[in-house]
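The structure under discussion appears below in the form of structure tokens.
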Amino acid sequence: MSLNYEQNAADEQFARAHKAVSLSDDEESEGQAETTSAPNQEPHVSKSPREYYDEPGGKGNGSGADDQDEPETEAASGAANTHVVAHHYNELKEAGRKDRQKSKIFFMRNFNNWIKSQLINEYMSQIKQNKRMGDALRVLDMCCGKGGDLLKWEKAAISHLICTDIAEVSVEQCQRRYQDILQRSEKSKFANKFTAEFFACDSTLVRLRERYKDPSLQLNLVSCQFAFHYCFESMAQADCMMRNAAECLKPGGFFIATMPDAYEIIRRLRAAGPDARRFGNDVYSIEFDCETDPLPLFGAKYQFHLEGVVDCPEFLVHFPTLVKLGRKYGLQLLKRSTFADYYKENLHHGRHLLQRMSGLESVQPQRCENDEEFAHVSNFQGAQRSRSVGTLSKSEWEAATLYLVCAFKKCKNTWDTNGKPLFEFDD
């Protein structure tokens with residue numbers, strides 16, 4: 001059995017499942033964003049949509065995925081775990097900097113934050129290059145949490161921000177942080193002042209546009225950081241989430257996200273043993289609640305534990321399915337990179353920011369000799385054993401490299417005689 005979960009894009013079983021659930025009228029686009037598959041080496045993915053709707057979280061029959069008029073009713077049928085996720089994030093305590101510095105994953109959190117900064121900067125730069133002078137710059141921070149990216153939006157000189165999250169407590173904390181930024185900006189004539197709106201709701205169940213102060217507004221960028229995977233509880237929820245990401249994006253606008261890499265998760269699960277349901281290290285662990293052979297396209301539920309954080313149920317994101325859902329709403333895949341690859345791509349021009357954000361731990365040579373977590377540093381240092389090296393511990397790196405970044409572009413469209421959009425994809 002292959003360890004490469006990615007290659008299912010052109011697998012016959014995967015194609016049958018997609019046709020059965022009618023994800024899109026555009027069957028020609030299937031798998032174009034992915035590499036060629038080797039069907040005889042793939043993990044078994046359920047052929048029948050009925051199988052994976054019977055998995056945890058899946059209750060829909062798949063017949064209404066193309067119905068764009070009633071997403072809330074469709075999505076609600078598969079939302080068995082949304083209240084668990086909301087409770088999890090509402091219960092998280094807001095730790096101070098001193099408490100965070102004591103954590104085993106202090107540097108990993110900073111590293112992840114740097115990844116987000118690089119991703120946001122990459123696509124905000126492209127937007128600014130193409131927009132006209134004086135045009136508004138509007139952003140949706142979908143699943144905004146406590147507002148960890150507010151300073152990034154301020155530095156990006158945006159005009160308006162929409163923040164939404166499933167956890168009411170998080171949205172309240174986010175709004176307070178925004179007010180603090182506003183108060184600080186009053187003291188500086190150079191500070192960027194941007195307007196914002198906040199509301200709590202589940203983006204996998206609710207059409208966000210109907211909650212905006214101006215439902216007709218057009219967005220330049222939609223960002224969903226470390227949260228998109230929750231929508232893969234069911235197809236209807238994933239469809240609703242992708243619609244929310246794409247619906248108000250201007251043509252040429254971007255949807256960017258970070259999420260767990262299902263292919264890497266499955267690779268590590270297989271490496272743990274033929275009957276393994278759990279793997280991890282000192283700072284993280286993953287334990288599957290569903291059958292892993294065959295793997296369902298939706299409802300592939302696992303429990304994720306991170307050091308110092310309450311366990312929370314999550315779902316694998318089958319990436320070819322994500323790409324196909326995106327195309328349904330006019331989103332074309334531009335980028336898919338693992339955190340490891342994205343780090344390499346951005347290190348040269350992002351090194352200074354990485355240092356400022358304490359994204360790597362400075363490790364002295366003598367520590368490497370006695371600490372297994374930093375044994376890899378000795379190999380890197382070579383002859384220069386007197387110099388300290390910036391790195392992550394082995395356990396932190398293993399946790400960080402469970403994730404990927406991705407970016408989509410909203411395509412222009414015309415309309416057919418039935419009033420359906422015909423998107424102009426580049427491929």
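Cβ coordinates come from backbone N, Cα and C, glycine included.
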Per Swiss-Prot: S-adenosyl-L-methionine is bound by Lys116, Cys143, Asp165, Gln225, Tyr230, and from Asp180, Asp202, Asp214 the site also lists Asp202
Per Swiss-Prot, the phosphoserine among Ser22, Ser77, Ser395 is Ser22
Phosphoserine per Swiss-Prot, picking from Ser24, Ser37, Ser386, Ser393, lands on Ser24
Quick tally, other C-beta within 10 angstroms, Lys152, Arg177; top of the recorded sites is Lys152
From Lys146, Lys152, Tyr403 (recorded sites), the ones whose CA sits within 10 A of Lys116 (S-adenosyl-L-methionine binding site) are Lys152
According to DSSP, Asp202 (S-adenosyl-L-methionine binding site) sits in coil
In all the protein chains shown, the tally of other Cβ atoms within 10 Å of the Cβ of Asp165 (S-adenosyl-L-methionine binding site) is 28
The correct three-state DSSP answer for Arg177 (site 'mRNA cap binding') is helix
